[in-house]
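J.: Below are the features listed in Swiss-Prot for this protein:
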- LYS95: active site, schiff-base intermediate with DXP (ACT_SITE)
- GLY156, ALA182, GLY183, ASN204, THR205: 1-deoxy-D-xylulose 5-phosphate binding site (BINDING)
Amino acid sequence: MLKIAETEFGSRLFTGTGKFASGKLMQEAIAASGSELVTLAMKRVDFKTGSDDILAPLLSRGVRLLPNTSGARNAKEAIFAAELAREMLGTEWLKLEIHPDPKYLMPDPMETFAAAKELVSQGFKVLPYVHADPVLCRRLEEIGCAAVMPLGSPIGSNQGLVSREFLKIIIEQASIPVVVDAGIGAPSHACEAMELGADAVLVNTAIASSADPVRMARAFALAVQIGREAYLAGLGSKSLHAHETSPLTGFLNTGLSTTGLVDSGMAEKLL
């Protein structure tokens with residue numbers, strides 16, 4: 001079981017709610033994914049009613065909501081969005097996102113760290129979306145973040161684990177959950193992240209924008225399970241050289257000698 005902030009999750013696949021063609025399709029895809037933690041952009045919530053057209057169905061499914069601060073350009077805006085989320089949705093869980101650049105949506109490390117520090121002090125369970133920066137992730141852990149969410153590649157790019165080598169370092173040194181987020185465009189990318197030792201992945205665009213989101217959600221669920229099993233089993237090490245899986249000549253020598261067809265000396269000469 002995956003544990004984040006003392007809460008256990010049976011599924012290591014987290015999903016988003018954006019880009020689906022309809023609310024019904026979104027609900028069906030989330031159900032097919034088996035996800036128990038679903039992120040929701042605060043900018044989509046109607047603060048007059050405290051809801052949007054998808055909030056009630058999500059709550060009825062029993063999933064935990066992870067409101068995010070997507071659209072915030074600095075720490076001040078992110079903190080304001082977090083406080084609204086706590087008041088309107090009744091949750092202290094938060095995916096912290098601060099990306100002032102609308103073209104590449106790269107997370108701002110300085111503003112993210114400042115906001116995370118303040119929000120943790122207010123009792124929030126902060127899951128910050130960040131660059132795959134091992135130093136930053138370590139600092140975020142030190143100030144009390146519940147998990148870190150380093151990117152695989154830019155949001156919605158479907159490029160996969162471009163930051164692979166840095167993710168390995170983050171995973172190796174972290175003592176809090178590492179959730180690979182952004183850029184995961186295929187089930188094979190999710191499987192690879194889990195094989196590296198990530199605790200979970202968050203996927204939205206690859207599911208929502210596929211021709212069959214429900215089937216794609218199932219595919220991602222299977223990929224995450226397979227990747228986790230492979231990691232737990234222990235992957236073989238890589239090598240530049242070939243390594244035989246069975247003796248190359250010894251069995252022939254033994255076989256020729258024991259059958260009596262030739263003596264051992266002749267067997268050596270034949271081989």
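Even glycines carry a Cβ here, placed using N, Cα and C.
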J.: Quick one: give me the count of other CB atoms within 10 A of the CB of GLY183 (1-deoxy-D-xylulose 5-phosphate binding site).
T.: 22
J.: Any idea of the Cα spread of the 1-deoxy-D-xylulose 5-phosphate site, GLY156, ALA182, GLY183, ASN204, THR205, as a max distance in Å?
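T.: So the maximum pairwise Cα distance among the 1-deoxy-D-xylulose 5-phosphate binders is 9 Å.
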J.: Taking the centroid of the Cβ atoms of GLY156, ALA182, GLY183, ASN204, THR205 (1-deoxy-D-xylulose 5-phosphate site), which other same-chain residues have Cβ within 8 Å of it?
T.: PRO154, ILE155, SER157, ASN158, ASP181, ILE184, GLY185, VAL203, ALA206
J.: In whole Å, how far does the CA atom of ASN204 (1-deoxy-D-xylulose 5-phosphate binding site) lie from that of LYS95 (active site, schiff-base intermediate with DXP)?
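T.: So the Cα of LYS95 (active site, schiff-base intermediate with DXP) lies 14 Å away from that of ASN204 (1-deoxy-D-xylulose 5-phosphate binding site).
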J.: How far is it from LYS95 (active site, schiff-base intermediate with DXP) to GLY183 (1-deoxy-D-xylulose 5-phosphate binding site), counting Cα to Cα, in Å?
T.: 16
J.: Are there any residues in the same chain, six or more apart in sequence, whose C-beta is under 8 angstroms from the C-beta of ALA182 (1-deoxy-D-xylulose 5-phosphate binding site), and if so which?
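T.: For ALA182 (1-deoxy-D-xylulose 5-phosphate binding site), the qualifying residues are TYR129, LEU151, GLY152, SER153, PRO154, ILE155, GLY156, SER157, LEU202.
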